[in-house]
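Encoded as structure tokens, here's the structure I'll be asking about.
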Amino acid sequence: MAKMIAFDEEARRGLERGMNQLADAVRVTLGPKGRNVVLEKKWGVPTITNDGVSIAKEIELEDPYEKIGAELVKEVAKKTNDVAGDGTTTATILAQALVREGLRNVAAGANPLGLKKGIEVAVERVSEELSKQAKEVETKEQIASTASISAGDSAIGGLIAEALDKVGKEGVVTVEESNTFGLELELTEGMRFDKGYISPYFVTDADRQEAVLDDPYILIVNSKIAAVKDLLPLLEKVMQTSKPLVIISEDVEGEALATLVVNKIRGTFKSVAVKAPGFGDRRKAILGDIAILTGGQVISEDVGLKLESTSLDLLGRARKIVVTKDETTVVEGSGDPDQIAGRVSQIRNEIDKSDSDYDREKLQERLAKLAGGVAVIKVGAATEVELKEKKHRIEDAVSNAKAAVEEGIVAGGGVALLQASITAFEKLDLSGDEATGARIVALALAAPLRQIASNAGFEGGVVVEKVRDLPVGHGLNAATGEYVDLIATGIIDPVKVTRSALQNAASIAGLFLTVEVVVADRPSAGAAEGGDGAGAMAGMGF
């Protein structure tokens, strides 16, 4: 495919035009009085959102140079979302401000590499200052405040705070769509996985269609069980203890399943058989987790353990197991706390090393089931459009609240960045273009506050100058128009979100300024004339 090449100022201005189009679409959503953006979908209903990364992902520009500029800024939003789960709009606005000021200086003759170095030094110093300003999250109310600001709804913030309070730091909070109106919080007691009983004959509570076994033995097998002769020696040992038996294996079928069902129906022996969750290596890992949690061993020929020679000391124990047709919950497993802690540490290391979002998510779920708990927020609304918008807001707010618990909080409303820059730049010892790069950062750090004020109907420049003179932590409450102690009023941001937004914006801005040549694909004539394929159809008699 033929290429187009742009040099020098033309190259940078083409990229800037693309960046501005994307950033201007995103910036209107910032703050308590920010507006929403409607995104057209090829299939299904349009989406209404105020989430920066969702808007950025949907923007595709026609001009090749502008398209590349927009893609570079998309990367800022995506990276911030991956690291912190929120702050994507702030990151985009910071990137735009850094690039705009930077290009102005490059056009005036500044050395781009000197500017880039100055930007990097200044951002590192501001990040350190933000970390110093950060306060630990000490109360449930503070979690509720940060989640409420992200979601724009105090009821959602309160529910998220309750969920995180129940499941702890390592817990997982998921958001699901519900068929009913409003919000509902569902908490899981113990470890739950999404596989139920193999046969409905195992049910002990006919009304609830559940099999509930108290103080059972738990047999964990990494293979299918079909022959009753393999299972019989163990069944006899368990029956002598008068305890029920839970079997978690790849499958139980044939005469082995028939024997268990017949004994259950006759009342001779209470048991339930459950298929192991997951597939392949993930199934092995989850079975290992269950074994550690219950103090048992995975019976597998890989480690030289055979079903027919299994003894009671290789079985796991738990206070209670509840099995429905779709899921199994293990309550209070009898595993060794030190072994569980070791397994948790191992999973944490795997999360740190993993470069796949999907793998990280699955590992985080395993970690939560072992170390924390699982809370599900069920959200319902009158229409599908409202449901999707609400669900999206809640997911962002959950990420925001988790980030606050992780690294602490700073004053919200764009104030922390502005005030951190005042103290950070007092100690900077730079000269020439590097000093200019630091000044670019100082100017850019006022951009989020200016935009929040502007979206709320105030004069941005006036608000910025007023906040500069206020004590640290004091600033504009854009919802009411008052200048208050932001942390005391509950207007707070997680420092992780604020820091990630700045670092990612600076990373892309520095690269933007050093660009001298842009090479892009030349648009084909066919794409320009009829991208929807109508032209091709016309020649076929349609």
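Counting starts with 1 at the first residue shown.
Cβ atoms here come from the backbone N, Cα and C positions, even for glycine.
Model, not experiment: these values are computed from the prediction.
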In Swiss-Prot, the residues T29, L30, G31, P32, D86, G87, T88, T89, T90, N477, A478, A479, D493 are said to bind ATP. Which of G157, G413, G432 is said to bind at that same site?
G413
Highest CB neighbour count within 10 A among the binding-site residues T88, N477?
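Of T88, N477, the one with the most crowded Cβ is T88.
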Pick out which of the binding-site residues T29, G31, D86, T90, A479 has the most other Cβ atoms within 10 Å of its own Cβ.
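Result of the Cβ crowding comparison: D86.
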DSSP secondary structure for T88 (ATP binding site), reduced to helix/strand/coil, please.
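It is helical.
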